[in-house]
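Undergrad: Residues or ranges marked as coiled coil by TrEMBL: B:648-678. According to TrEMBL, the domain 'Histidine kinase' annotation covers B:678-895. If you look up TrEMBL, you'll see B:6-24, B:36-53, B:65-83, B:112-131, B:158-176, B:196-214, B:242-259, B:280-305, B:325-350, B:386-402, B:408-432, B:439-461 marked as transmembrane segment.
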Amino acid sequence: MKKKILIVDDEPNIVMSLEYAFKKKDFEVFIARDGTEALEIAEKQFPDVVLLDIMMPQMDGYATLQKIKENKDMQDTKVVFLSAKNKPADVQKGLDLGADMYMTKPFSIKKIVTEISNLM
Amino acid sequence: MSNYLLILIIVGYLGFLFLIAFFAEKNGKSKWVNNPYVYVLSLAVYCTAWTYYGSVGIASQSGISFLGIYLGPVIALPLWIILMRKIIRISKQQKISSIADFISLRYGNSRFLGALVTFTCLLAIIPYISLQLKAVSETFEIITEDQGYASSSILSDTTFYIAILIAVFVAFFGTLSTDASLRKKGIIATVSIESILKLFFFLIVGIYVTFYLFDGTEDLYIKASSASNFKTLSSFGGIENGFNWLFTICLSFFAIFLLPRQFHVAVVENEEEGHLKKAVWLFPLYLLLFNLLVIFIAWAGNISLPSSVNHDYYTLLLPLQEGNIFLATLVFIGGFSAVISMIVVSTLALSTMVSNNIIIPYGFLKKMIQGNPEENSKNIKNIRRLAIFTLTIVAYFFYIIFSAQLSLYSIGLIAFVIIAQLAPSFFFGLFWRRGTAQASILGIVVGLVVVCYTLILPIVVNTVDADSTIMTSGLFDKDWLRPSQLFGVDYLTPENNAFLWSLSLNTLCFVGFSVSHKGNYRERNYAEMFVNYENYENLQEGAFVWKGEAYVADIKRLLYRFLGKQKTDRALKIFNRKHNIAETEEKADSRLINFSEKLLTGSIGSASAKILLSSVSKEKPISLVEVLNILEETKKTKANNKLLIEKSEELSTMAEQLKNVNVELREQDKQKDEFLDTVAHELKTPITSIKAASEVLVDEDMPQELRRQFLENINRDTDRLAALIHNILDLEKLSSDRAELNMKSQKINKTIEKAINGISQIAARKGVEVSFSQQKNIKGVYDEDRILQVLTNLLSNALKFTKEDKGKIDIKTAEDNGFVSISVEDNGRGIPKEEHSYIFEKFYQSKNQNIKKPQGSGFGLAICKRIVESHNGKIWVDTSYDNGARLIFTIPKSE
């Protein structure tokens, strides 16, 4: 069965590249533009991994992560932050909230794909 | 008018005054009772029956010389700002309750001097009071046309009962508290009312006489000038008369300070120093009004009334001659008011002096030391009440025996001359450290002897033995010893003659003795405290020098007897806290001695207070040099302390300032960090996008169509990056004022149209309607490219937030105080109220950390703000507009 990945970011150009790279690696890719939309999709699809931006309109990445973690059916879902916020405090906060990985923008697509494949 | 009706009116009027006093005492804090006008009106107690009736009498016989008595105060009043302020401050500091206290305390708290001053005041004021009674009696007689009235026995004499009623009034409202230095608001309120009434009624009768009975001042002048003695009545007289004027002015100058009733209303009853400022011009105005019509009434009386009538009472006789009994009664009430206010304040002040400076220190102290507080308080009050009644009755008898042949004016002047004997001690004492108690006593005694010889002796001689030759040929038949022409000076009036010689000898003795005999340390101590009161003002008890041994417990016991336990304990607690003294301290120091003296002074006078305290302490005499050294030291310590406090205050303000600067710097630092964060974040987004796209483009299997799209993305992100960098640099340039503006006077309408053209395509695509309500052609001074940038930015924002196909944007212009204001409003979703204050900050986005705004760099409005401000304009959100957003900015109008 194909692994499911949910990419959450409000920058369509970034999303497009990620989508292409993960499809190439045989992931089933879902896309959301903000936290609210991400939760809607996640509750239906139960993705294996969520790639989550932090600064988004409506609901931010931290809140979205908490909602995902609250859901019993998504206990095994891996969450990876993908953010331009690169201060140690931001990274720590993300990991403390229960993220499995924190990657900073700008990132290398190749590296992301490798790291996430390793997480699986 | 019948006797009984007039008595009824008098009793009614007194009842009214009781009510006023009662109201004032009950509402002691009310504005009606405590204001500068009440203070000024209470000063008008200066105008007695002498002014009310006597001035007219003098004016009718000797012309305008009556004015001298009012010129003195008018000259003195501007000096009050300095002089009276000093007197008031010293008095409040020392809890002084009378002129006797003031003078005796200045000269080392001398008991004898206090008594002597009191005696001098009694000598002057009792005849003066009796004259007031005479005025009441005579005017009563005129109104009731009861000729046999004066000769009837005491018990059927209305004046006697009036005097008693006044005494009851003073005894009641004057002794509510044992502390005589406290204010007596009830009495002062009635005095103020009386001052209004007497002036008002006097003006009424003046106007009635001048303009109703005669045809105004000119008519009176023409008619009066036909009289044979008119010339003397309307001129100042020659050089000799000039001296008379001068001395009369001097006399009244002293009187306004020294008369016990004036000292009482001006100093003891003063509530705020600030009231002096009103008094300085209002009181002279009052005096002026009072004297305005005097001369015309006098002329009118001379013309219409037979010369056999008493000229003093023209104001009553003129209306009566016309049958106007109502007006005559009003005049009577006015005069009666003048009388009561004078008697009330005088007996009040005198009774305090008699009890605190004579009776208690010379007789009652021993008894009081054994008494309990209630008894003592009762005794003190009773002594004062007794003094009030005795004074009134003595004045009454003086009137019955002596005053029949004296005019109001002459007795008034005699009182002034006697009171003037206090002037050297009083005025020198304020400014000259050398004066001593003995010198003061000597001066006053010599002065009084001269007054007795030159002024009082002639009266007594005239009354008792009219054949005596002393008046015409002098004592021991020496010509230069003639009482009224002493030392051969024969051109002065008797009063001025007496004034000249008594005051000269008085001053000579005072100054001479002070220079040749040094005072003791206590006198010198008080001299310092009075003369340089400013230096010791904040020292308070610290300015009192005292060495010796005393125990707090003894002093406490003493205070209990007079103030009661509760009041004493409270006062001492405050005292200890103020001076940082431990409650357990057993030995008393100079400060406690002085503080206790002051506590007692109000109730029993300063002399008694001193005697009592020395009875419970063992004082060691100190040398004069030591006193001065100690004073200098306390002053220095105090000054050093003050300096230290000032320095530490300075330091703490500096620390505060530093802290503020620090906070500001840190805030700026933080803002800079946040700004950089935002910049970094904004830059990272397109870079991430470009990097990611170029990474996936490496894949050679990518379909052509997708590849083209990725390349396009890269292209757009690069543009975005370039625009962003441009904006950031622009903003920084504007912030650091490096931007050069190409300012020109141009039509704002044109610029707006250009801006609309720039966005019209996008607007048309979104279906948003852009309208511009054109005003007349306003010209502004601005850099067009920059303002275009602002307009474009505001319009793009409006476009961004309005709905497709329903959006409306409207631009309006207006002129406003040298500026053109341009507003851009839309019907979009508006800007949340809480964000209004910071949407123009360049860090706007970062404030709301993780929530992103829809599109845009977040720099647009910040740039707009910089641009507008660099044009000296303003930009803001119109908070009153809630149909969307309305942003307004202003730029300078072209002249």
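Each residue, glycine too, has its Cβ placed from N, Cα and C.
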Undergrad: Can you tell me which recorded stretch out of B:6-24, B:65-83, B:158-176, B:280-305, B:439-461 has the most Cβ pairs within less than 8 Å of the transmembrane segment (B:325-350)?
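TA: Between the candidates B:6-24, B:65-83, B:158-176, B:280-305, B:439-461, the best contact partner of the transmembrane segment (B:325-350) is B:158-176.
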Undergrad: What else in the chain is close to the transmembrane segment (B:280-305), if you only count residues 6 or more beyond its ends and a Cβ gap under 8 Å?
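TA: Result: 36-37, 40-41, 43-44, 46-47, 51, 55-57, 59-60, 63-64, 66-67, 70, 73-74, 77-78, 80-81, 195, 199, 202-203, 205-207, 209-210, 213-214, 217, 220-221, 223-224, 227, 233-234, 311, 314-315, 317-318, 321.
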Undergrad: If we skip the immediate neighbours and take only residues 6+ beyond the ends of the transmembrane segment (B:36-53), which ones have a Cβ under 8 Å from one of its Cβ atoms?
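TA: Distant Cβ neighbours of the transmembrane segment (B:36-53) are 69-70, 73, 128, 131-132, 135-136, 139, 188-189, 191-193, 195-196, 198-199, 202, 255-256, 259, 261-262, 265-266, 269-272, 274-275, 277-279, 282-283, 286-287, 290, 312-313, 315, 334-335, 338-339, 341-342, 345, 408-409, 412.
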Undergrad: Counting Cβ pairs under 8 Å to the transmembrane segment (B:112-131), which of B:6-24, B:386-402, B:408-432, B:439-461 comes out on top?
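TA: The stretch with the most contacts is B:408-432.
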Undergrad: Is the transmembrane segment (B:6-24) in contact with the transmembrane segment (B:386-402), using at least 3 Cβ pairs under 8 Å (sequence separation of 6 or more) as the test?
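TA: Contact criterion not met.
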Undergrad: Hey, which of B:6-24, B:196-214, B:439-461 has the most Cβ-Cβ pairs under 8 Å against the transmembrane segment (B:158-176)?
TA: B:6-24
Undergrad: Near the transmembrane segment (B:65-83), which residues from the same chain, at least 6 beyond its ends, have a CB less than 8 A from one of its CBs?
TA: 46, 51, 54-55, 58-59, 237, 241, 244-245, 248-257, 276-277, 279-281, 283-284, 287-288, 290-291, 294, 409, 412, 416, 430
Undergrad: What residues in the same chain, six or more past the boundaries of the transmembrane segment (B:408-432), come closer than 8 Å to it by Cβ-Cβ distance?
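TA: For the transmembrane segment (B:408-432), the sequence-distant neighbours (Cβ-Cβ under 8 Å, at least 6 residues beyond its ends) are 48-50, 53-55, 57-58, 66, 69, 83, 86-87, 99, 102-103, 106-107, 117, 120-121, 123-125, 127-128, 130-131, 134-135, 248, 250-252, 254-255, 257-259, 312, 440, 443-444, 447-448, 451, 455-456, 495, 498-499, 502-503, 506-507, 510-511, 514, 527, 530-531.
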Undergrad: Take every residue in the domain 'Histidine kinase' (B:678-895), average their pLDDT values, and give the whole-number result.
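TA: The average pLDDT of the model in the domain 'Histidine kinase' (B:678-895) works out to 82.
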